[in-house]
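Worksheet: the structure to be examined is printed underneath.
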């Protein structure tokens, strides 16, 4: 399948999807002030057979645009403008006609597949129904069911027969998404709209879903509108990319061009703010926040955050115009006019940007446009012989399930955090990361194993000692929006841990502005409530609260997972600064995101299925992983660079009939195990590998120290045509 | 001034009517007696069972006592009982509910058992039995008895809310910081329960007035020479058709009060309903 280059005959054929001047007003019919235009004039063309990535941060209007492509609006929203599907106008089309097109010519993969399937019908029947509704002559129920199984197996679903007979709640998130994709392609549509098809999935599952999407596209030849906030996903899959900001398309270009030479400052900022997995690097930040729907004033919506904005940017709202070559120096009106003329003449209108001075900060490259945080500093190494801040050995933990059973969430965890060191605990959901953190902060005796916090065995702590220890260990929980009491002022929130340790009032009053300054917030923040702050600021406040007592050990649970890319960079910088300070706390960071881990951690501990499988210094571990699981994990992260596109590793389907109670727990999914000769296999089957082998990997046959890609099915086949 | 207007403008008409009614009733109960030349116990032998007129605004009863003054006195008592009962039940429900919900375990088991036990007790009958023992203890004893039997349903609701609040990340964060449990209850749980508790308090006030009146009506409540709306109604119930004013005024006051409180309570509930408030906060 060719992609963008192949399909250039858009002149005689109507494009697959043509959106012109799309406006969506939300909150229509409500009180005067609550009505807001969330999509403010979107022009978007999806050519036949191409993959168009629509990126932007939360609140940019991506989902509304995707829904509008199907002629759908959320309740209370109004649609204006034009949406043409293969030349047919969808806006204003009677509901009957729309229903005939949906699922047939255009199909949607919804963001939340648990809500998109009916819970009371089997998956196979639901996919079959999509066929029976549209196909004439109508296939029989049995035939439809059989076709559903084929569709499921085409999207790479293991055991399609079983999945077809399952109810939606019996499937995992990744499987549901793939079933959703199977349903979307059931009638070989011309357009597939996928709204965040991989959000909240683990990277390895994401790789599988992307593969399914790629396969589906390949078999049907459909055009794909892929909505995502994840630059890596878009870079990995899209032929062309459109960037949305505050309800507008601000830049659109072929993927490689956009990632290599962004012309709109926002795009440049977005790209340079994204952390990379291959190196720790200075992160640039985009100050400010995106205006809320209806709050964008006159002029360019990005102007208030733009480092190169000029007075006229705040007055004139730029339209999308072609930017063919880098403009030298500040854009003079004459040059701009010439450019407009070129665009109007239809000269290579591939790269469009909505900017009065596209590429104004080009000289220094995209990254030079925005304030760049300090490069990762050399960290104080842990002094040998000093007591570690945290030592966990052989930790096991179970959860009580609703039916009275016990779920072994953590089986065997070993980890050590030296004083002043930052250690990241990575793994996928269900690996037991959060449970581990939970058991550490509980400061009580674990079910099995031993936890030493700041040199104290938690099993031997009295109540008073535990309380005193809480003044030296702090935790920052996952979602900053919910960890701050919405009814408390920031001042009171920051005072809470200090009060708990009976710090005198005068001292608390003096500490508050100090803390706010430390996390780069103004002193006036103390008198405001949490909802008045953006997500990034809330996370800073949560950090400030944890730092209030000057802890010696800081536990962070997914510190930036709830934040947008442009905001995330600032928080990562802050974390880096706080943890590399000479008297900074030792840190244990739990994260699923390897790019984030790369930026802030000194050492990485990898967890899988409740066990720590590998640990080592960040640089070594993330460039030359030894354990098969770490390899899969690392190689399934898509890079935000379409030039370096390569197959993503998708994990193997677990071997059936593999008893993991003995031997290596990862065996069933291990690619290396399958290739071993049978006498070596026996070792894996009968003997659990030591917790930390000589290489730091808990594996009998760790990979040699080089960078060969892991075995496994290439997930998104490299598409040479697009390169 | 403009602040008051904005405050009133934000409320639906029904709530404003309710507030106005409550204000008028309070005015009548506490200022009314000073306007009238008669005291509730004075007997005017020249006007037995006299209808409303210039001398006796609401008329007199069969032994010549001024109905205006008596109703004011009765309303005063009823209001006092209702306010104290509503305050007591709300406080008790908040205390028991939050403790059971937040601490869980044995505290929860014990308190829930107590609540369930009291719930199956037929409240009115117990009041009737207890009331005869409390004959000499005065109205605070009745208020206490009514309150003791009216807090359980609210406590259960509070317990359920406390249990869900307990798992909120900010409450967990506070626990991890080493904030003491009672401080967490006071600082994190109660502010979030406040809208529910305020709403409950208004509705409990109406219920308390009715309970007191019912108790007094059947002769177990406030004892003569003290009067409450219930005793006034009981005294005049037989002659309600012949001398309507004797019955009409106390009954009317009771109706007005219950109606007004319910109007305000309903408005508060829609405005402060915890579910709505939480949804807005969660966003």
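All residue numbers here begin at 1 and follow the chain in the order shown.
Placed from the backbone N, Cα and C atoms, the Cβ positions cover glycine too.
Bear in mind that TrEMBL entries carry predicted annotations, made automatically and left uncurated.
Cβ atoms under 8 Å from those of the transmembrane segment (B:12-31) belong to residues 72, 75-76, 79, 253, 256-257, 259-264, 266-268 of the same chain, restricted to positions at least 6 beyond its ends. The feature transmembrane segment is assigned by TrEMBL to B:12-31 (among others).
Annotation source TrEMBL lists transmembrane segment at B:79-103 (among others).
Sequence annotations record features per position, and here TrEMBL assigns domain 'ABC transmembrane type-1' to B:79-265.
Remote same-chain partners of the transmembrane segment (B:110-131), defined as residues 6 or more beyond its termini with a Cβ less than 8 Å from a stretch Cβ, comprise 96, 99-100, 142, 145-146, 149-150, 152-153, 155-156, 159, 211, 214-215, 218, 220-221. Look at TrEMBL and you will find B:110-131 (among others) tagged as transmembrane segment.
Marked as transmembrane segment by TrEMBL: B:137-158 (among others).
According to TrEMBL, the feature transmembrane segment maps to B:193-222 (among others). Listed by sequence, the residues of this chain that lie at least six past the ends of the transmembrane segment (B:193-222) yet keep a Cβ under 8 A from its Cβ atoms are 77-79, 81-83, 85-87, 89-90, 93-94, 97-98, 124, 127-128, 131-132, 139, 142-143, 146-147, 150, 154, 157-158, 161-162, 165, 228-231, 233-234, 237, 254, 257-258, 261-262, 264-265, 268-269, 272-274, 277.
If you look up TrEMBL, you'll see B:242-264 (among others) marked as transmembrane segment. For the transmembrane segment (B:242-264), the residues of the chain that approach it from at least six positions outside its boundaries are 14-15, 17-19, 21-22, 25, 28, 49, 51-52, 58-59, 61-62, 67-68, 70-71, 74-75, 78-79, 82, 202-203, 205-206, 209-210, 213, 229, 232-233, 235-236, judged by C-beta separation under 8 angstroms.
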